[in-house]
Amino acid sequence: MRFQPIKQFNTILQQEYLEPTISWSIRVVLALNVPLIVFPLFFGFSYHIIWAAFGAYMLTLIDYRGSHYRKMLIQLVEAILILIAAIIGMNIGNSMILSVIGMLVIGIFAALIRNWSDYGSTIGVGVGFFYLFGISNPTNFGESLVYGSYIIAGSIWAIAIIFISFPFSASNPLRRSLATIWKKNTEYLDALLESFLDLEIDNQDIRTITAKEIEIRAAIDKSIELFNRRKENSRLKADHYDQMMEVRKSAAYFGASVRVIHEELESLRGNALLQTNQSILYKTISSLSQASARLSIVIFTFRGEDLTMAKIRIKRFEIAVGILKETLKNQEFDLDQRIILKQLIVNLEQCHELMQNTIDLVTQKLDFKRSNYFENYKLSFNHFIAGLQPRVMVQIVREVFNIDSQQFKYSLRVGLGLALSVFIFKFFKIDHGHWIALTLLIVIQPYYGATRKKGIERIIGTVAGILVGGAIMLLPIKHEAFVVILIFISFLVAYYLRNNYKVGVFFVTIMMVVMMQLSKQGSWDLIWWRVLSTLIGSILAIIISFTFWPIWEKQRFPSLLNKSLNMNLYFLNQAVLNYQKKLPPGITWHRSRRLSEAANNNLFACVQRMYEEPQSQQRDLNVNFAKVGSNIRISREVTSLSFSLEKIPYSEELSNLLNSYMAEVETIFYKNMRREDDINLNPVKQIIQNPFFTTKQEYQFIQVDLEKIVFELEALKAFRA
């Protein structure tokens, strides 16, 4: 037991490779506290400094995992937006009518930004926060420009932190995004082990294992979004970057192979064969998971010792596959079992090949004479200079307004809620009543279930934080001691807002109380007004989400189901055309797989949110989840089919059979989309039973995949009965 703390510390360090929460928290601490400590040394402490500190704080909270150059551009955009919002707020704050109208407009705008991306939420809250801060501190135009200059100073400091940190982590974001994909692959494998092969653990909830599968696609999409392949004719040499793109390709293929392994294990569920060979299968897939975990580490660290450990784990997996093959060789199986086991072995060997390919790529990268550090520095610098071009800035701004009708309804809901909050604040002259609107802005989400959850967490965190913060405020300590407390608290705020929102709110509240004490505005009356404002804001957010144009998932599900079916059909068609060499040059089935999985992800997320909605809105929840499962399994089978077709030579007879199959199955897909009942499956089943498929084992694999696709389509029809 004495080694447990060391083991936990190592776990934290490994986690920091993938989720740099500690380093991010340190940047937040520097952004918030340096203005509070350094500015008073030159100018003396004043209320203006709080604006500089919050400006730097809001910009540093942006959770963008991509290149440094783009993060600085995003921070620049936010700095401009919060400056405008603050100046408008300060100049109209004396008018209740103008404050309410301004909040409506800025609330809609902030909500639109919020839907921009993962980090859009931080920008939206920042814009809303500084507008509210402005109307709470109304002043004339000249004085508002003085406050604005402090916001600019804080913003420059926040951007400078990113600029200064870049030389210490030039390639970290790219490596981290790839390591995350391998980590998600590992978690998926671990979930498979627990669900199918671990005797000590009951079968996992199917939602849990499906969520792990979905997370792989999300990690791949996020990496592609942040780091695109460079153009082939690019004049800038970037061998390290290009090599990492190949590592991502291997990681994506590995995830696809694991999905096929999942499908084969699903086929064996309840089979005596699985029970007989449970131990050897567990050891094999466990060794695969351990090798994948080692790859996630070495891809980030690129240390020789980690590379050696990864090679050892991959070798162990290779040995485990060999033992599995020897064990199965001496057993008797029927035809179906033989086909399933053969496909399982083929995909295990494919996983080994992809891991070995990744190791080779990492080894080559380590051997490059060109410096990885200077290459990334030059590449990022060139991107930053290119990013300052007007067309790039216009593109970033255009992304903000890439909205649909549902996003607009959400934005209008937020705007009306914030306008009502400001009216309550101004009409009743509530001391620091802007907290009502700020709480609503933070709590209200596009979906009711998420809003309710966040509202409850914020109430709990705020009340607990007020009690602790109030106790700290009563301590007989000096101003400097409060600054030290603020440094530690601001670190905990940043750390826990990423990991545990309720705990994060607890520390946010303590931080606000300490900052009020520093600015000599602290009192118990003010603290209890903060509690009341939080309660009002949270309750308003929940009521508004339920009342004004709520987005219920049962209404979105049919269209998302159709899109999922359509993308699966497109994926299947691309796989067949790829085999027939009919796709345009440079186009493969892999992009269509990504689109199919993305559509399935959205469908799964829709059902997940249904579980958080009121009971009255949870119509056919279990049936809908079963439909999601069928769509995901269709995608898995098409992936398996695509891999199988890639490995066999072209056959005219097989091509004709696939054409006939596609003609029939396309009709079945479309009839399922139109919810028609007269679906005749006999013609497509007759095609699958063609004797040609029995002539070779490779064709039998294809036959099984085609059968499983039809089976899932038949299940979708049955779910409507």
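Every residue number used here counts from 1 along the chain in the order it is shown.
Glycine is no exception: its Cβ is also placed from the backbone N, Cα and C atoms.
Among the ranges 17-33, 119-135, 561-577, the one that TrEMBL lists as transmembrane segment is 119-135. Within the chain, the transmembrane segment (147-168) has long-range Cβ neighbours (under 8 A, six or more residues past its boundaries) at 23, 27, 30-31, 34-35, 39, 48-49, 51-57, 59-60, 68, 71-72, 75-76, 78-79, 82-83, 86-87, 90, 130, 137, 139, 377, 380.
By the count of Cβ pairs under 8 Å, the stretch nearest in packing to the transmembrane segment (434-451) among 37-60, 72-90, 119-135, 481-497, 527-552 is 527-552. DSSP assignment over the domain 'Integral membrane bound transporter' (420-544) gives 104 helix, 0 strand, 21 coil. Taking every listed stretch (72-90, 96-112, 527-552) in turn, the largest tally of C-beta pairs under 8 A with the transmembrane segment (37-60) is reached by 72-90. Ranked by Cβ pairs under 8 Å to the transmembrane segment (458-475), the stretches 72-90, 96-112, 119-135, 481-497, 527-552 are led by 527-552. Just going by CB pairs under 8 A, the stretch in 72-90, 119-135, 481-497, 527-552 that sits most against the transmembrane segment (96-112) is 119-135.
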